[in-house]
Amino acid sequence: MSKDVSMDTIVNLAKRRGFVFAGSEIYGGLANSWDYGPLGVELQNNIKKAWWKKFVTSRLDMVGIDAALIMNPKVWEASGHVATFSDPLVECKNCHERYRADQIDVTAACKKCGSKNTFTDPAAFNLMLKTFLGPKEDVAAQAYLRPETAQAMFADFSQVLASSRKRVPFGIAQIGRAFRNEITPGNFIFRVREFDIMEFEYFVHPSEWEKHFEYWLMEMHDWIEECGISTQKSHDLEVLKEDRAHYSSRTVDIEFDYPFGRRELYGLAYRGDFDLRNHSEHSGKDLSYTDPVTSEKYIPHVIEPTFGLGRTFLAVLLSAYDEEIGEDGEKRVVLRLKPHLAPVKAAILPLMKKEEIVNVAKPLAEMLAKEFPVEYDETQSIGKRYRRQDEIGTPYCVTVDYESLEDNAVTVRDRDSMKQERVAIAEVKDYLGEKISTNN
Ligand code: ATP
């Protein structure tokens, strides 16, 4: 269904239509910083809403939190981030360009200046962004912007357990921003220095981790389908022992075929009792769990599915992009977004900018806007207006014409089939509402 598309095409569309812009553009931008525009913020919110519904509110074994971005620095000592959250940094001795040693061939020539055998020995570069709390910029005031969201779920474990009265197995979920001082950000929103993560820690009895791991892998696949992310382009990668974090005895990365290559979209890691045990030891608080039925006391083990929001956003756009010949014989670009993710659900278009027609179309748009996001557009030819809506993935266009004044009905055009149907104005709200909620 979707068409292979270049990054240039997607970046241009994203900018032109208001999905994603370069950040701080009027000041010449800031390298690799991106702002989500009016349509981008809707698509992003719809992804978050769908994720939260699927993994949190529609389940009885999951609860959510929203933790502070800056945590006690002791958290990052206990988690191992202060000591080991680093990438190997090498620098070209000739032009001083910096690279991640694990992403280049260090015996080859520098990609920037072409010098050979010129790289420094790899040095560990900690990816955590630092800041200072309060007016004194000294070591005691130093804190970190969180490089991941997971640690809050461990640090808050006993408070969540006590207040929610959940029993193992259960999960704690969070959607929030993380910061990493990446050495080589790039590829649009794929690798940036601040990004949102949607993830949960699922706490299980140690003897049952394999069953839960398999289950969550299937659920991740389901999610991919539900988002309309191409299943042909998504692949499971069983991460080898030498590439896994030392505490993990199984990790599966779900990779996606981006135009710049096959890269990590999501991760699923079995973290054992590493986190709760470490936080117990460092904080002096007992984070074990006592089974209310068997009275067995143990530290729960953790399965962690993690979903980058920006990488989801990009995979959704790439999978939805399509080109075909339209009604007018010209190339039609269409984003075949699932209706529940589409930023605009319907566009209300008066066929002509004539008072009598506008007088029907505008109140209809205002009424529908109370139910779901709609656009009202009365400028340009109807062909151009359809083209814009196709390009932003609006599933339905509603046209009001002279006949509407006679028959109190409008024409509803389906984005994908381009079929047109006459629907009574009084029924448009229910007609669209039903299609948007079921047709996903
Ligand atoms: P990578 O190997 O690509 O650096 P990672 O294995 O370090 O990623 P995790 O620590 O598992 O990534 O982060 C969780 C998720 O957050 C990833 O699966 C990915 O979707 C997303 N992510 C990680 N780093 C970035 C980044 N710099 N920009 C955007 N999203 C990111």
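Our numbering is plain: 1 for the first residue shown, then up by one each step along the chain.
Every residue, even glycine, has its Cβ placed from backbone N, Cα and C.
Nobody curates TrEMBL annotations by hand; they come from automatic prediction.
Since we're looking at a predicted model, the values are computed, not measured.
Listed in TrEMBL:
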DOMAIN    8-339  domain 'Aminoacyl-transfer RNA synthetases class-II family profile'
BINDING   Arg100, Glu148, Glu304, Pro305, Thr306, Phe307, Gly308  substrate binding site
BINDING   180-182, 190-195, 264-265, 308-311  ATP binding site
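Annotated features, which come from TrEMBL, shown on the structure.
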residue : record                 : Cβ neighbours (10 Å)
Glu148  : substrate binding site : 19
Arg180  : ATP binding site       : 21
Glu182  : ATP binding site       : 17
Arg191  : ATP binding site       : 19
Arg193  : ATP binding site       : 17
Phe195  : ATP binding site       : 19
Glu304  : substrate binding site : 22
Pro305  : substrate binding site : 24
Thr306  : substrate binding site : 19
Phe307  : substrate binding site : 24
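A C-beta separation below 8 Å, combined with a sequence spacing of at least six in one chain, links Leu309 (ATP binding site) to Gln44, Ile47, Lys48, Ile175, Phe195, Asp196, Ile197, Met198. Comparing CA positions across the binding-site residues Glu304, Pro305, Phe307, the one lying closest to Arg191 (ATP binding site) turns out to be Phe307. Each of the binding-site residues Arg100, Arg311 was scored by other CB atoms within 10 A of its CB, and the lowest score goes to Arg100. Within 10 Å of Phe307 (substrate binding site), counting CA to CA, the binding-site residues Arg180, Glu182, Arg193, Leu265 contribute Leu265. Listed in sequence order, the binding-site residues among Phe195, Pro305, Gly308, Leu309, Arg311 whose CB lies under 6 angstroms from an atom of ligand 1 come out as Phe195, Gly308, Arg311.
Whole-number maximum of the Cα to Cα distances across the substrate-binding residues Arg100, Glu148, Glu304, Pro305, Thr306, Phe307, Gly308: 26 angstrom. Proximity of Leu265 (ATP binding site) to non-local residues of its own chain (separation of 6 or more, Cβ distance below 8 Å) is seen for Ile229, Ser234, Asp253, Ile254, Glu255, Phe256, Gly308, Arg311, Thr312, Ala315, given in sequence order. Put simply, Pro305 (substrate binding site) is 19 Å from Arg180 (ATP binding site) when counted between their Cα atoms. In the three-state DSSP assignment, the secondary structure recorded for Leu309 (ATP binding site) is helix. Spacing of Pro305 (substrate binding site) relative to Arg193 (ATP binding site) is 21 Å (Cα to Cα, whole number). Cα to Cα, Thr306 (substrate binding site) and Arg193 (ATP binding site) are separated by 17 Å. Per Cα geometry, Arg100 is the residue among the binding-site residues Arg100, Glu148, Glu304 nearest to Glu182 (ATP binding site).
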